[in-house]
Amino acid sequence: MEESHFNSNPYFWPSIPTVSGQIENTMFINKMKDQLLPEKGCGLAPPHYPTLLTVPASVSLPSGISMDTESKSDQLTPHSQASVTQNITVVPVPSTGLMTAGVSCSQRWRREGSQSRGPGLVITSPSGSLVTTASSAQTFPISAPMIVSALPPGSQALQVVPDLSKKVASTLTEEGGGGGGGGGSVAPKPPRGRKKKRMLESGLPEMNDPYVLSPEDDDDHQKDGKTYRCRMCSLTFYSKSEMQIHSKSHTETKPHKCPHCSKTFANSSYLAQHIRIHSGAKPYSCNFCEKSFRQLSHLQQHTRIHSKMHTETIKPHKCPHCSKTFANTSYLAQHLRIHSGAKPYNCSYCQKAFRQLSHLQQHTRIHTGDRPYKCAHPGCEKAFTQLSNLQSHRRQHNKDKPFKCHNCHRAYTDAASLEVHLSTHTVKHAKVYTCTICSRAYTSETYLMKHMRKHNPPDLQQQVQAAAAAAAVAQAQAQAQAQAQAQAQAQAQAQASQASQQQQQQQQQQQQQQQQPPPHFQSPGAAPQGGGGGDSNPNPPPQCSFDLTPYKTAEHHKDICLTVTTSTIQVEHLASS
């Protein structure tokens with residue numbers, strides 16, 4: 001036979017639960033029931049055994065409170081004793097999560113002006129009022145919501161469970177011992193901050209309502225959400241630091257005001273970013289889809305979507321000539337006209353052709369004079385045929401120059417002006433467009449036209465045309481001078497080459513003359529120079545009597561001749577002596 005799991009030793013039996021412990025257990029059970037039920041609004045099914053609150057006989061009711069026990073209930077708790085207990089049914093209320101108290105057998109509570117036998121049981125209404133006054137006889141039906149709180153005898157402080165509309169529990173204190181019933185007074189609200197666990201005079205800890213939320217719970221709930229709201233404009237942020245930085249914008253001075261609207265800003269950089277909304281400037285372009293943005297942060301956020309998967313799925317149409325992709329076939333067809341050079345849209349006024357219909361529509365406004373884009377700046381009545389021209393014009397009013405040169409850090413209002421400026425950094429482009437009034441030179445006709453507006457002549461167009469013609473003539477003259485210089489250099493090179501050739505010929509002739517023998521030494525049988533005519537030399541030089549056959553060079557022959565001549569002179573001198 002197996003041993004029973006029940007420990008028969010009375011030493012290990014649990015102690016008899018107190019009144020406060022039964023209240024906490026009952027409230028915990030009711031809370032679990034509310035959470036497990038699918039519909040909290042429906043009524044609770046009656047339990048198999050009614051929930052009983054055991055009040056010991058030693059605990060007496062407050063002054064003026066008594067129970068009508070005409071018929072006592074026979075249902076007791078396992079640890080209760082019929083001779084020393086009185087039972088009160090505690091009925092849970094689903095709508096509030098609290099409990100109503102009533103007599104288990106009688107139909108109502110009766111208020112009597114009897115003497116108080118000690119503070120052991122306290123009954124309050126949901127609003128927090130203490131039902132202990134014996135001023136008049138009052139009856140409370142069993143359906144009335146009553147809240148029960150009990151303490152051991154001898155304690156003077158009584159805990160009262162407040163209504164759910166209050167977040168901070170209030171404490172009622174009653175001065176015990178005297179006759180006529182004790183009166184209760186509401187204590188002031190405790191200070192904010194972390195609450196310490198207080199102990200009652202009886203030595204038991206103070207009981208709080210587990211269903212009432214405290215201010216600390218609300219703060220924790222806000223921290224879990226990770227959102228911070230600005231008190232001035234109700235904007236929400238995900239970090240406290242961002243909210244603090246934003247809140248400074250409501251308190252700091254804002255001297256920079258927008259000329260188009262009433263907004264003001266704390267510094268000039270914020271104002272410059274805001275002005276781009278009015279001017280339409282978008283200097284930051286995407287390298288993938290050529291979209292433009294006003295701020296660098298917007299461009300960085302946009303480039304995140306350009307992954308490999310995004311390009312393959314969103315832009316499946318790829319150009320066969322380059323690496324560009326497009327979302328649909330119409331965009332691809334427009335792009336292919338760049339490679340093929342096709343321009344199907346022709347102008348009916350000047351027979352110009354364009355690749356896109358929108359370009360033709362913009363061009364026809366030049367002939368018709370239609371200028372739908374007008375400047376809204378006060379005092380400015382200019383109108384433009386294209387939106388881009390209007391946006392560039394607005395930047396002149398706003399003094400916004402987002403297009404900057406990387407070489408000299410100069411800024412411009414549009415990309416075309418920046419491209420013209422970048423050409424000045426190259427050596428090929430020279431300043432050929434000169435003003436006829438002040439003789440200033442510029443690298444492009446656009447800059448010259450802008451400069452001519454400053455002089456404000458009577459006929460600006462004629463002046464510009466004259467300046468352009470003068471620039472063309474100057475350019476032609478410069479080209480002619482360059483050609484003349486090139487021809488002169490070629491002639492100089494030819495003359496130098498001829499002179500060098502003549503010098504080489506002279507050197508060769510001199511070498512040949514040095515190699516020939518002296519004219520007065522000739523080999524026997526050699527004909528005299530000058531031919532056999534009558535112009536022969538009357539005093540011919542003496543001929544050499546030596547045979548030159550064994551001598552290969554004239555130098556050797558010359559040495560021999562000199563030696564023979566010297567020896568002959570010596571012989572003649574000896575003979576004469």
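For all residues, glycine too, the Cβ spot is worked out from N, Cα and C.
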Handout entry: Site from Ser125, Ser214 that Swiss-Prot describes as phosphoserine, others unannotated there
Key = Ser214
Completion exercise
Which range of 127-149, 403-425 is zinc finger in Swiss-Prot? It is 403-425
Practice task
Choose the correct range: of 26-48, 256-278, 555-577, which one does Swiss-Prot annotate as zinc finger? Give that range.
Solution key: 256-278
Practice task
Examine the ranges 433-455, 456-478 and name the one recorded by Swiss-Prot as zinc finger.
Solution key: 433-455
Completion exercise
Same-chain residues at least 6 beyond the ends of the zinc finger (345-367) with CB under 8 Å of its CB atoms are 334, 337-338, 385-386
Handout entry: Beyond the flanks of the zinc finger (403-425) by at least 6 residues, Cβ under 8 Å
Key = 283, 388, 392, 395-396, 443-444, 446-447
Fill in the blank from the handout: The answer for the zinc finger (228-250), taking Cβ pairs under 8 Å and residues 6+ beyond its ends, is 266
Exercise for the section: Residue list, the zinc finger (433-455) vs rest of chain: Cβ under 8 Å, 6 or more residues beyond ends. Expected result: 416-417, 420, 423-424, 463-464, 466-468, 470-471, 474
Completion exercise
Its residues classified by DSSP, the zinc finger (433-455) shows 11 helix, 4 strand, 8 coil
Practice task
Using DSSP, break the zinc finger (373-397) down into helix, strand and coil residues and give each count.
Solution key: 11 helix, 4 strand, 10 coil
